[in-house]
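Right, one structure below, let's go through it.
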């Protein structure tokens, strides 16, 4: 469920970038799918779990197609509600970080690699979206993107190793990633820039 | 044969983009190889069939090198014949869609995943080429690129599952992808754009 | 040791690109890690050796983090010493070419595929760095980048097959890639451009 929800909200962000970039319906569907499925496909390829679930299970494809069509038809609603878009991106990040860390743990990875893989799963979809759309990936712009993702994935990996109950593994991580990310963007937090660059 | 021919024609398109971008001979060879081999390497990585054939079989490397040198030396001929370039790209798309779907079927994938994988194989090389050359991938510009690819790959997968004779599996798919794509570009077909984007 | 050194110097180049692109500390760490780990992760995925060592072994992550922090804090020193940066990039290229070819040989690949895989390992990190930073990859700009890499990797593969002693396998390849690359940039060598492009 975590990954299906994450797929949908990431696909919506990809579709919105496509619509604003004046892509047509099919370009929008392609970018929505690449964004929605990107993180999970990268996760599965890094774990050797091929062919990736994202390409073989109907529900992920349907989620991407639905997201693409919804964004294509009703994008004015989204573009007026920048906050909704921000929330969706943060939600997708949170869902995929936690899911990626859990899948990596199930595949037998240790805590630190699993946390890394969770972070990569979370930020992967956005990187695919931005590279395809020829933009500098949002994760590089900093402003607290990779750090909340890594924190949430690390919590998930750690709590999973300790064998804690599922809500205690998942809920705090989701809250931290989502809340940290939303606060960072809302308040325009920018972490340490390098000094002395012109 | 399908993939060798597809590799060659895609490599030529990569080489032409390189030559026009004022790359030197070796940059041209690198972009030609990445474009020619990209779709197949992505296909093999998604299927877990590593190391990818494109890196281990001489004939694919020779095809890429040949395409790079030909385009480098005789590019004026190509650039005058825009139609030839268009035809090559459409031919590569058609060949790789069909080949990708067949390889995926052989690897045991079901019809829908095999169709998707065929589409990805077809559009992969062009995506690699355009991302490396720092352009928005042509598949995102829409104008009927991913849809013919998916249609051809879907036909191939379906006909292969039904156990039809090879010509009936391959020929209609090649014709549909190639013809649809050429018609779409020649006539400037543009599918539904989103309404209300400034 | 070859790959750890290569990871560090490539990570420094990624961090310097990030700092000059006005990224903050975390964006710098992300780009440093992607550059430092990129070549090895691509190598491992092409060989089916997953999860990639770069994500599971502490030392690679520490090397990337260290490189990012060093470049972030002391970048004025680097930017004054362009020659140092050039040398680091050439050193990373040399180290990864040789390492990639050796790893591919150990995985059972023949001479030519192993040479290719070595080249891909060498140029991979730089491609990841430049694609993420939205620049045309340096390997495409030519000026003798892929050719020294392929030459060094080919030597390594060949000498490894002949069963020569390790220093004879490794040292000439490192020297050739590093020296050739440094000379090419210092002297502004540019190989054959295509004629007749406006």
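Each residue's number is its place along the chain shown, starting with 1.
Keep in mind that glycine also has a Cβ here, set from the backbone N, Cα and C atoms.
Note that TrEMBL annotation is computational and uncurated.
Marked as domain 'Glycine transporter' by TrEMBL: B:1-75 (among others).
Annotation source TrEMBL lists domain 'Glycine transporter' at B:88-159 (among others).
Marked as transmembrane segment by TrEMBL: B:56-74 (among others).
For B:86-105 (among others), the entry in TrEMBL reads transmembrane segment. Same-chain residues lying 6+ beyond the ends of the transmembrane segment (B:86-105) with a Cβ under 8 Å from its Cβ atoms: 2-3, 5-6, 9-10, 12-13, 39-40, 43, 47, 113-115, 117-126, 145, 148-150, 152-154, 156-157, 160-161, 169-170, 173-175, 177-178, 181-182, 185-186.
Feature annotation from TrEMBL assigns transmembrane segment to B:111-132 (among others). Cβ atoms under 8 Å from those of the transmembrane segment (B:111-132) belong to residues 6, 10, 13-14, 17, 31, 34-43, 46-47, 89, 92-94, 96-105, 138-139, 145-146, 149-150, 152-154, 156-158, 160-161, 177 of the same chain, restricted to positions at least 6 beyond its ends.
Taken from TrEMBL, the feature transmembrane segment covers B:139-158 (among others).
Outside the transmembrane segment (B:164-183) by six or more residues, the chain places 2, 86-87, 89-91, 93-95, 97-98, 101-102, 122, 144-145, 147-149, 151-153, 155-156, 189 with a CB less than 8 A from a CB of the stretch. Taken from TrEMBL, the feature transmembrane segment covers B:164-183 (among others).
Counting only same-chain residues 6+ beyond the ends of the transmembrane segment (B:139-158), those with a CB under 8 A from a CB of the stretch are 93-94, 97-98, 100-102, 104-105, 111-112, 114-119, 121-123, 126-127, 169-170, 172-174, 176-177, 180-181, 184-185, 189-191.
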